[in-house]
Amino acid sequence: MVEYNRFSVGNFTVQEQVTTGNFVIYLIELILCFFVVLANFMFLIVLFKAELLHRNLRIILFSTCLANALYATSRYFITIPLIIAYLFNSEISSVTFCWAAKSFHHLVLGVPGLTFFFVILERCIASYHYQTYEKHSFYQSGYLLVTLQWLTSLFIVVINQVDVANQPRPYSRLPCQIEYSTSRCLFFAIGLFTGLNIIACILFWKMTKFNRKLYKQRSWKLKTLSETFQVSENVKSIKILNPLLIVVLISNLIAMFIVGLQATLYLLVRETPEAERAALTKQLSIQIVGRGSEASQSYDIVSAISKLVFCYAIRSHPILNRKWCQIFSAGRKSSVAPSFAAKDRNEESDIHFDSLKLIYKMVEYNRFSVGNFTVQEQVTTGNFVIYLIELILCFFVVLANFMFLIVLFKAELLHRNLRIILFSTCLANALYAISRYFITIPLIIAYLFNFEISSVTFCWAAKSFHHLFLGVTSFTFFFVILERCIASYYYKTYEKNSFYQCGFLLVGIQWSISLFLCVLNQVDVFNQPRPYTRLPCQIEYTTSRCLFFAIGLNLILNLIAVILFLRMTKFNITLYKQRNFKLQTLSETFQVSENVKSIKILNPLLIVVLISNLIALFIIGLQATLYLLVRETPEAERAELTKQLSIQIVGRGSEASQSYDIVSAISKLIFCYVIRSHPILYRKWQQIFSKGSVSVVPVVKKELNPKEESDIYFDSLKDMWEMRTKL
């Protein structure tokens, strides 16, 4: 009867309370917040090393960058539970957790909002004390201003929490959707920020006028070199404060408008009688803010963008820009000795650019070519786009597989051996996706900032773990089929004797084979020279021989698994048809029935694994062939060969072979979807992650040993069978 909107009251499911508009905004925000954290942490390094910039200004900017990074991090704690609520109709957070996350979020949000005022205040102190500012340093004033900045934000948060405790909420929402703030405190914060920004604008205008007048009169008014330098520094600072002023004022105006609108709506809803509230909230949701309050939620997007623009604005300062280039630009890492001869600098620049032109004429970058390439050139735009897509997919791979780890851990009715193998595979899938982050993030930073943050040791370790987890998942189909074959051929005693050691033994063999391949590969890598140099995380720490060996082993095991699957299917179906006169006990009948049911899940699993394995084997085989071809080609002929390879087959950045990572991530998501089709796992999924299902309280509270668990499983199957025979 009641359609959901952000202000309405009704019995809504978890999933209904997060609209599609909210979900899209959350995804955009997560991507923006990743870049906010990255950019601000890089500027923390720049500010820490920019010793030529006055310490007080560095302290305030350092404090603001730290607050920006913490703000973006706090948004992850708020948005991820809401994304999970939308996708899986399950609430994983609590009111206490979300209250703490939002309180911290409000604290670190208030600090950047006060930055403009305190930066202007510090520059005013530097301007009016220009005669002694450099001599006496005034270092205490920087720490004092930063302390006042954080205390002001903390004061607003504390007042807000005191006021929240005395105000009832007119409607209930998900914990991370509740606004732990009151309209009075929001209006107070808007008024305070507006007043401080107006004061800052007046001080900025007065300071600009004062410094320009003093700079024009420097010939006769400034007596010492220290005074001249300080006034010159103050004038330079105005250049950075001009764009910063525009950025802060525009973002503050938008923020105040959106927050003011939100506070007005909450106040309006709170003061409206309950009888009239339904009609009012319907009008509000349709005409002003959207069903999920998307209009007010857009403030988070504006806030994230303003924090990225803030980094770009402060980079326009000459000292910070030079330090940025020294740290993050590969072409400018060497420090240049100070010289006042413009002619020398021009000649040096001409030589530098002429050498670059010569290099570009000789060799164009591709994945197999040899040349003096910058860090940024070695990651193409195609590589960058694939890395971004992969990061998003890997996030969902980790999420889905960790959720299935919980499902498998609690699905006691599924036979333990099958649970152990599926649990092992889900764990390997999640760890595989995490290992991809350690490999791709350094390459994304290399593309964006022309800077390499990783090392050969780090990337070698990351890729070794990546190969280990990848090998485990590729052998899953064979070992699942093997476990089901054991259950089929030992159907008379499988339930009674349980064979619990069998599951651990199969998983041990699965991981041991993958580990053996990794060790064999690393031994072979040490004996093979690399024909070209690349970024540490681009280097393939594998050899063609080991790749071909792994491909052959995988093909053989998959072929054996298919044959075993066909034989097992035929055997179980024949046995099930003859159950009335061939099966003597109830235990045998149940085991055969369970084996036939398992075939239903193995059919789609067979298709998924075979298709993904065939694509993977084709791409890896192509990659191994190309590396072998490049290695065996003489150096004199290698340039022309690599040019043909990059243009005709794999792309300049080897994008065709890199697409395997996308296929692998998608196949791991489909794997979770396929095993969810098993009836027992599906029911357990519904019990845990669906709000409408009622969780069953187990009668036995103590921890079960294998025999007790088997007895409970057997008794439940017996009851089910008796009910079925009565029907």
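Just so you know, glycine gets a Cβ as well, placed from its N, Cα and C.
For 23-47, 59-84, 104-121, 142-162, 186-205, 244-269, 384-408, 420-438, 468-491, 503-526, 546-566, 605-630, the entry in TrEMBL reads transmembrane segment. According to TrEMBL, the domain 'G-protein coupled receptors family 1 profile' annotation covers 39-321, 400-682.
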Quiz item: Would the transmembrane segment (59-84) count as touching the transmembrane segment (142-162), i.e. at least 3 C-beta pairs under 8 angstroms with sequence separation of 6+?
Solution: yes
Quiz prompt | Beyond the flanks of the transmembrane segment (59-84) by at least 6 residues, Cβ under 8 Å | solution = 18, 22-23, 26-27, 29-30, 32-34, 36-37, 40-41, 43-44, 47-48, 90-93, 97-98, 101-102, 104-105, 108-109, 111-112, 115, 118-119, 122, 142-143, 145-146, 149-150, 174-177, 300, 303-304, 307, 310-311, 314, 399
Quiz item: Hey, which bits of the same chain come close to the transmembrane segment (420-438), Cβ under 8 Å, at least six residues off its ends?
Solution: 390-391, 394-395, 397-398, 401-402, 404-405, 408-409, 458, 462, 465-466, 469-470, 472-473, 476, 479-480, 483, 503-504, 506-507, 510-511, 661, 664-665, 668, 671-672, 675
Quiz prompt | Contacting positions for the transmembrane segment (384-408) when only residues 6+ beyond its ends and CB under 8 Å are counted | solution = 31, 84, 88, 414, 419, 422-423, 426-427, 429-430, 432-434, 436-437, 440-441, 443-444, 447, 655, 658-659, 661-662, 665-666, 668-669, 672, 675-676, 681, 684-685, 688-689
